[in-house]
Amino acid sequence: MGSLGGLALCLLRLLLLGLQRPPLPGAGAQSAAGGCSFDEHYSNCGYSVALGTNGFTWEQINTWEKPMLDPAVPTGSFMMVNSSGRASGQKAHLLLPTLKENDTHCIDFHYYFSSRDRSSPGALNVYVKVNGGPQGNPVWNVSGVVTEGWVKAELAISTFWPHFYQVIFESVSLKGHPGYIAVDEVRVLAHPCRKAPHFLRLQNVEVNVGQNATFQCIAGGKWSQHDKLWLQQWNGRDTALMVTRVVNHRRFSATVSVADTSQRSISKYRCVIRSDGGSGVSNYAELIVKEPPTPIAPPELLAVGATYLWIKPNANSIIGDGPIILKEVEYRTTTGTWAETHIVDSPNYKLWHLDPDVEYEIRVLLTRPGEGGTGPPGPPLTTRTKCADPVHGPQNVEIVDIRARQLTLQWEPFGYAVTRCHSYNLTVQYQYVFNQQQYEAEEVIQTSSHYTLRGLRPFMTIRLRLLLSNPEGRMESEELVVQTEEDVPGAVPLESIQGGPFEEKIYIQWKPPNETNGVITLYEINYKAVGSLDPSADLSSQRGKVFKLRNETHHLFVGLYPGTTYSFTIKASTAKGFGPPVTTRIATKISAPSMPEYDADTPLNETDTTITVMLKPAQSRGAPVSVYQLVVKEERLQKSRRAADIIECFSVPVSYRNASNLDSLHYFAAELKPSNLPVTQPFTVGDNKTYNGYWNPPLSPLKSYSIYFQALSKANGETKINCVRLATKGAPMGSAQVTPGTPLCLLTTASTQNSNTVEPEKQVDNTVKMAGVIAGLLMFIIILLGVMLTIKRRKLAKKQKETQSGAQREMGPVASTDKPTAKLGTNRNDEGFSSSSQDVNGFTDGSRGELSQPTLTIQTHPYRTCDPVEMSYPRDQFQPAIRVADLLQHITQMKRGQGYGFKEEYEALPEGQTASWDTAKEDENRNKNRYGNIISYDHSRVRLLVLDGDPHSDYINANYIDGYHRPRHYIATQGPMQETVKDFWRMIWQENSASIVMVTNLVEVGRVKCVRYWPDDTEVYGDIKVTLIETEPLAEYVIRTFTVQKKGYHEIRELRLFHFTSWPDHGVPCYATGLLGFVRQVKFLNPPEAGPIVVHCSAGAGRTGCFIAIDTMLDMAENEGVVDIFNCVRELRAQRVNLVQTEEQYVFVHDAILEACLCGNTAIPVCEFRSLYYNISRLDPQTNSSQIKDEFQTLNIVTPRVRPEDCSIGLLPRNHDKNRSMDVLPLDRCLPFLISVDGESSNYINAALMDSHKQPAAFVVTQHPLPNTVADFWRLVFDYNCSSVVMLNEMDTAQLCMQYWPEKTSGCYGPIQVEFVSADIDEDIIHRIFRICNMARPQDGYRIVQHLQYIGWPAYRDTPPSKRSLLKVVRRLEKWQEQYDGREGRTVVHCLNGGGRSGTFCAICSVCEMIQQQNIIDVFHIVKTLRNNKSNMVETLEQYKFVYEVALEYLSSF
């Protein structure tokens, strides 16, 4: 037993030793304050316990002193709770003393869970309470386990002084699970925990209400996926940490957000981590939640404008937390949903860019630091902006319906964005001129986008604009100039109809209707005979109809019946039809009876005292024969005789007895009534009988007689006589000059005068008679020889005249005015009427601007002859004016210079200084003159307003020049120098000039001719601000439009600079065509109310004078039908020195005026083209001509004749094989010389540079390449930067027209490589694209060229059958230029010979450009310009007509 008892005791001890906790490392070391090993009473360590429910509490156990019998209790000294018999959830607390630590430390402890049934006795929680605050939730816990011994745990608490904390152990019982929970060996170590992570300091977080607060927990230690992290609130609420990020192997971080913070969210938070080795706890950080501020009062309104509001924010009194770091103004329309905010950085704030007449709601926003720091908007200020001026006037105003008496306008609808006010008015203002009086009217428009003006006059040019106005201002639309449609015209004024009757003609003239209601196109005159004085007259055929063109308000009716009253009904027509007719009656004069023919035989019978003749009845003409008379005339040989063609009939009846008393050579032998001579019957002269009071005495056998028979008609106070010599008796001398039976001249007026009494002749003897006979024969021979010589000379002169005038044509006035004109020729009618060659019932052939038949007009004197005469004008005397009709002949004769020509006439002009120029010579003004000898005369100089402090600032080298009936119409000045640019603009403003004409380039032949005095954008010259608005480049001139404003003035003026760029450096232009178009453009665009036109070249003399002289003479030719160039230049030079400076310029002025008169103004506005096209293309059935045909004939006349010296290069032998025809050679001055080198090949190609309407040298016109010129062709394309090639002919090997481009590959043509890129076919067009480069100069790169082959033009036709397809070529060309070469590349155009087809295409392109740029169509001018450089451009009338037709088609496509 003893041995067994001892053995049992030993086993018990061993068991107790197993339950005892193992010794801790360093367990014997001294623990810091707060630690406790429980070897002594726990109170000695500062620990305390709190009594739990029903006495459930911690107990200190020391099994060494008091062994425990329950084997589940460990051995040693420790704190323990017994959960046996306890209800679930009972808690017992062990409180450690309060700790204040300054550095990193660690609390570790051991815990023990045991039970008899191996079930968990409950839970152990550890709390860390900071600064005496709430206990919160546990930071560490263990439950549901039974330990196999003591287990160590660590607490890494990061709460430091001055804060303090307390650790609380809490045990929680679990019902039905008896057992023990023990804690022992609590230590506070002065080093980091080995396993539990330590937190770095957690920072306070400040947020604004509603924002998410984010805490970042940073811990030192290793992170494990099994670790648990959370954010613990002061009151115990836990929030899981959302994001964990490993910083490095010894540090990691985690973040957690507190969402949607509010004032209730204000608290303290700390980070807690639970790992396998224990827990880490951070310090508490505060979550501070601020209330964003908001103002108490609304903003204060200080000022109101149309687009702004001045406010005072009133942000001093707020609700919420400061500080305020930002003030903002929030505004919105009261009806809108959008809002904008502006930052306010001053006590007052101006809201900009507001909409006018809009109600706004304005609030103030205040912002404090932090996200979400902007408070709610403060109370609103509600106010409305003022109205503003409209943004612009009505736009895209157009006329959508034009009628004779009304117009319908349409414009782009606009709303508030344009009116800038909700209350506005829209008004249409219009004005027109009627009967030389200007009318203005306006109407208020109620509709939104269209309106019809009613009650207008037909064909009235109306200037109208729309006016948009509101309470603050008004804006106008662009002015529209529109013409109402034509209507039928009113009646021709009856009182204006005047008639000039003749025997078989009636000249009638009238005035246009007072209300033309359009362009009078035709007058219709219906005429018919309504009665005759001659009962036998057959009037059935005396009727007809005549049409007259608008500029012919007169007509000569021929082929009428004498003595007949005609009814004339005249009515005028416009394109709309004929107006009401008006009728008048005019009677022709009676005509002398028509005498029958008599044979030159001897009389029926003759005795010594009688002679028997045969009398035949006369045929009445307009009035019955009143009486027949037999007249016997004695032929006295000693008296001189008049020529037969001026012998008159015998109007004064003289009886035989009175003849003796009056010494009359004739007497009336008989007077017979018509009833006495119903048929032919014989009559014996000298039968000694009396007939109706006249004695027929016997004839004297010693005298010679002529027997005359005359018939007389009387009616309405007119007496007309016709007579015939029937026979002679006694063979009177000189009778051979007149054959018996020949009718004599007619007496055109009634005569009742008495002859003066003459003393009777005495008889002479036969010797004297014989002498008279001999003298008469001699005289007859002399006269006959003189007549023959005269006739021969006239025939020679006529032949020479016809040769000389072969190229002449009739010249009418420059514009369509009814001025008297006449054909050039030697035949002139000495009567008061010049008769037209037209048919009675036909149209007079005419064209716009000129008459191809002379206009009929009443004259009291004959036209002066135009036969060539020797002109000899003395020097220094005025020369006579030249009629427009005579100008061609005059210039031709003056150029011949036979005795007196242009050289002598020019030298007769005053040269050099002719007046004082003292002001210009002053020292202060010398540097203002470009040339010392071209300066301003004192009497005509422009005086500028004197600037303050500079008495010489009134001088500028400029003179006033008078125009045609317009004083000071021009200012001639020098090209501005750098020193005078400001003075130049002062002059422009002072004189209110709207046009500057510049006839020089800035630099010519390397010398500065004029400085650039205009800006590219905006420039200020002194106190004048000049702004460039638009630049319109054309082939021969450029039009720049500026606005000009002077400082201190509100007025803004528009100014145009017309810059003629084509005047050559030397001499004068080859042709005046371009300059004439330039002059017309200046005249058209210069406002009538503007000040003088400022004209300058370099010196302001030569070219300046040419422009002014041409413009002035064109006005004179238009208004007077004459030109007076000599005296015009003479007057110009009296106002400025040496205007028109050289003889060459003087001749050029003549040539320009001649071309203007020959060609006229053929431009047609686009708006009138459709209506006028019918008239100008209509074929007159009488003349088989049209105005287009007349234009083309004129074009052929004025086309320059090519001389061999003009195309000398093409005529060189080495170039012969490069020309298809030696008849079609390019002019030397138009040649594009090849630049690329190709071996020994010359630089010549049969091509010519041609201008388009708006680009100089835009076209290169050439022939289809020959086999030996293909390389030259591609050199041309490359050298002249040609981006397009247009081919207008078919390929034909018979004519050596082969393909000259590669197909689907590349090829080399001389130095040029041509590479095929693509091709497509579009109806009649094959479109190819090539890439070309010069292989000899690869550094120049390659170029893209399009090739347009037009296959819709058959070889046998002058024109293509389709206008639309050719227009498609033009449009493709335009599109390519816009997209690929920026309109800088040229276009090669070729047909077979580079003539008709090429010219037609170039003309069509230019017409399209003209329509786009200037809204006019002038086919004549375009073709004339092309022919100036190549005479075979547009070769046939059909091609010329085709250009017109394509223009019409082009307009129809819009």
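Positions of Cβ are set from backbone N, Cα and C atoms, glycine also.
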Based on what Swiss-Prot says, identify which of N212, N1175 is the N-linked glycosylation site one.
N212
Kindly point out which candidate in Q990, Q1045, Q1135, Q1141 is recorded by Swiss-Prot as part of the substrate site with D1065, C1097, S1098, A1099, G1100, A1101, G1102, R1103.
Q1141
Correct disulfide partner for C217 among C193, C271, by Swiss-Prot, is C271
Write down the residue from N658, N1281 that Swiss-Prot flags as N-linked glycosylation site.
N658
If Swiss-Prot marks one of S275, S953, S1221, S1306 as phosphoserine, which residue does it mark?
S1221
In Swiss-Prot, the member of N605, N1219 to which N-linked glycosylation site is assigned:
N605
Would you find the one among the binding-site residues G1100, G1102 whose Cβ has the most company, meaning other Cβ atoms within 10 Å?
G1100
To the nearest whole angstrom, state the Cα distance for the pair G1100 (substrate binding site) and C217 (disulfide bond).
92
Most Cβ neighbours within 10 Å: which of the disulfide-bonded residues C217, C271 is it?
C271
List, in sequence order, the same-chain residues at least six positions removed whose CB sits under 8 Å from that of Q1141 (substrate binding site)?
A1099, A1101, G1102, G1105
Rounded to a whole number, how many Å is the Cα of S1098 (substrate binding site) away from the Cα of C271 (disulfide bond)?
93
Treating G and I as helix alongside H, and B as strand alongside E, what does DSSP give for the domain 'Fibronectin type-III 1' (295-388) in helix, strand and coil?
0 helix, 42 strand, 52 coil
Among all the protein chains here, how many other CB atoms are within 10 A of the CB of D1065 (substrate binding site)?
12
In this predicted model, the domain 'Tyrosine-protein phosphatase 2' (1188-1450) has a mean pLDDT of 91
Distance from D1065 (substrate binding site) back to C271 (disulfide bond), taken between C-alpha atoms, in Å:
95
For C217 (disulfide bond) and D1065 (substrate binding site), determine the Cα separation and express it in whole Å.
90
For S1098 (substrate binding site), what is the tally of other C-beta atoms lying within 10 angstroms of its C-beta?
22
